[in-house]
């Protein structure tokens with residue numbers, strides 16, 4: 001982990017509320033790792049690392065003042081990272097993600113043999129070379145018709161996680177969890193999750209967990 005000062009290169013709108021933010025600087029990270037970025041007068045926020053147009057990039061869903069500042073106003077952004085356990089796996093995998101994880105998919109494609117399914121509630125405003133599904137009905141249809149893979153990795157909303165777990169139970173499924181966190185180093189304990197081995201923390205034990213490790217009830 002190191003202190004970061006990132007220079008925003010440009011932003012690209014993905015859909016109604018999600019943007020890709022590209023940076024000038026290169027960061028050495030493993031697929032699935034994340035950074036904590038600082039916003040004015042607000043707590044740090046976690047963003048999974050990835051690539052877009054061969055630049056280090058993050059996907060940002062605008063939910064409030066902090067994420068709006070990153071997309072619209074920021075020129076330089078302080079932070080620290082990379083953080084988390086990352087992920088590398090042999091064989092052929094399927095990433096099932098929301099638009100907030102688009103840049104992560106590019107990091108996986110650089111290191112592993114993967115296909116990608118992107119599920120969104122609203123239409124995309126940029127062309128994608130992934131399989132896409134807009135709306136719950138289309139997403140469920142495409143999820144049910146996916147072929148067989150050696151492993152699966154899901155990153156999206158809690159609802160997406162639960163749907164994928166029900167459809168893929170019995171297979172080798174991993175989840176990159178998105179939980180609130182204030183520090184990224186295990187100090188604030190805000191990102192606790194229940195596992196079959198007890199309480200773990202997304203920032204230090206994850207963010208990637210096997211599906212059969214987690215307590216789903």
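For all residues, glycine too, the Cβ spot is worked out from N, Cα and C.
What Swiss-Prot says about this one:
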BINDING   66, 67  FAD binding site
BINDING   183, 188, 191, 203  [2Fe-2S] cluster binding site
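Positions of the features from Swiss-Prot, shown on the structure.
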residue: 67; record: FAD binding site; Cβ contacts under 8 Å, 6 or more apart: 39, 45, 60, 61
residue: 183; record: [2Fe-2S] cluster binding site; Cβ contacts under 8 Å, 6 or more apart: 36, 44, 190, 203
residue: 188; record: [2Fe-2S] cluster binding site; Cβ contacts under 8 Å, 6 or more apart: 181, 182
residue: 191; record: [2Fe-2S] cluster binding site; Cβ contacts under 8 Å, 6 or more apart: 179, 180, 181, 201, 202, 203
Counting Cβ atoms within 10 Å of each candidate's own Cβ, which of the binding-site residues 66, 203 comes out highest? 203
Check: same-chain CB within 8 A of [2Fe-2S] cluster site center, minus 183, 188, 191, 203: 181, 182, 184, 185, 186, 187, 189, 190, 201, 202, 204
